[in-house]
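> Please see the structure below; I have some questions.
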Amino acid sequence: MGLPERLRKEWFILGIVLVIAVARLEPAVGGKGGPLKPEITITYIAVSAIFFNSGLSLKTEELTSALMHVKLHLFVQIFTLVFFPTAIWLFLQLLSITPINEWLLKGLQTVGCMPPPVSSAVILTKAVGGNEAAAIFNSAFGSFLLGSSSSVPFTSIFSQLFMTVVVPLIIGQIVRRYIKDWLERKKPPFGAISSCVLLMIIYTTFCDTFANPNIDLDKFSLIIIVFIIFSVQLSFMFLTFLFSTRNNSGFTPADTVAIIFCSTHKSLTLGIPMLKIVFAGYEHLSLISVPLLIYHPAQILLGSLLVPTIKSWMVSRQKALKLTRQPKAPVKV
């Protein structure tokens, strides 16, 4: 494979490196309140574009089927809201005997209690080619569920999720009905469009990370926390992979992809307001927030880097399953 072909194949990975480098050079451009206004362009416009894109590309029967996949939904929600925080709490009992700052550890514990985000898990699932409809349902449902049971104002959460997730998805489905034949004939690059939106999100996320004064820790503590966060993410992604691919699990390879991302990602959009309410008046609020501020860009970066590997596994697994289901040719005597 020549260099041009290689670059074309790996354009997304190169894009990640490029946007992070640009974000590091001038983080104020894409940071909150900067010229790009990510609090509007990303939070509302980009997220709405993601779900409009999903509405256009998904067949209505796929969405309906995803809603009825109760086993998958239970797996994701139980792993996210029960297993994840419990495992983190047990892990922190071991870390409590180390010299790591106790407020950073408390921040790690709060990360475990957060719901999945409504954007990154969906985009990464779509980039791989997994069960996008299931990812949409579980990402939104987790945020609705935790938001309604917490002290965070549910009305504002519900209205934002409804306007940026539900409405664009429905509009996309309506538009699809009228241009269905054109879509099937032209086959627009929906995956590439979502990947480009993800690069925008990565860029603005790292702009916020590099510009955030709350990340101003001593290098040792910062390195330790980053290492722990990446280790936790990789370990839980591996666990969800093992659980969802075991014999008689009932999950397809596409389901596994959605499970991996939805079960291990955590929401920064809902998480920061929750921290500010739960720990209001704490002088160590900035330290408590650090693990979540690191976890968010780390999950996007790690997930994006693993897209080619997970996609390769899913495609090969689907081919293998297809071959095993084909009827065997009769033996000629």
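Using the three backbone atoms N, Cα and C, a Cβ is placed for every residue, glycine included.
Residues annotated as transmembrane segment in TrEMBL: 12-29, 41-58, 70-92, 157-178, 190-211, 223-244, 256-279, 285-307.
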> Could you pull out which residues elsewhere in the chain have a CB under 8 Å from any CB of the transmembrane segment (190-211), counting only those six or more residues past its ends?
12, 15-16, 19-20, 22-24, 27-32, 34, 36, 38, 41-42, 46, 49-50, 53, 56-57, 119-120, 123-124, 126-127, 129, 293-294, 296-297, 300-301, 304
> Looking only at residues six or more beyond either end of the transmembrane segment (223-244), which have a C-beta under 8 A from one in the stretch?
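Sequence-distant neighbours of the transmembrane segment (223-244): 75, 79, 84, 87-88, 91, 95, 100, 104, 108, 111, 217, 251, 255-256, 259-260, 263-264, 290-291, 294-295, 298-299, 302, 306.
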> Does the transmembrane segment (157-178) reach the transmembrane segment (41-58), going by 3 or more CB pairs under 8 Å (6 or more apart in sequence)?
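Contact between the transmembrane segment (157-178) and the transmembrane segment (41-58): present.
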> Determine which residues of the chain contact the transmembrane segment (12-29) at the Cβ level, with the cut-off under 8 Å and only residues 6 or more beyond its ends counted.
35-36, 127, 195, 199-200, 202-204, 206-211, 301, 304-305, 307-308
> What same-chain residues lie close to the transmembrane segment (70-92): Cβ under 8 Å, and 6 or more beyond its ends?
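Those are 105, 108-109, 111-113, 115-116, 131, 134, 137-138, 141-142, 145-146, 232, 236, 240, 243-244, 250-251, 255, 258-259, 262-264, in sequence order.
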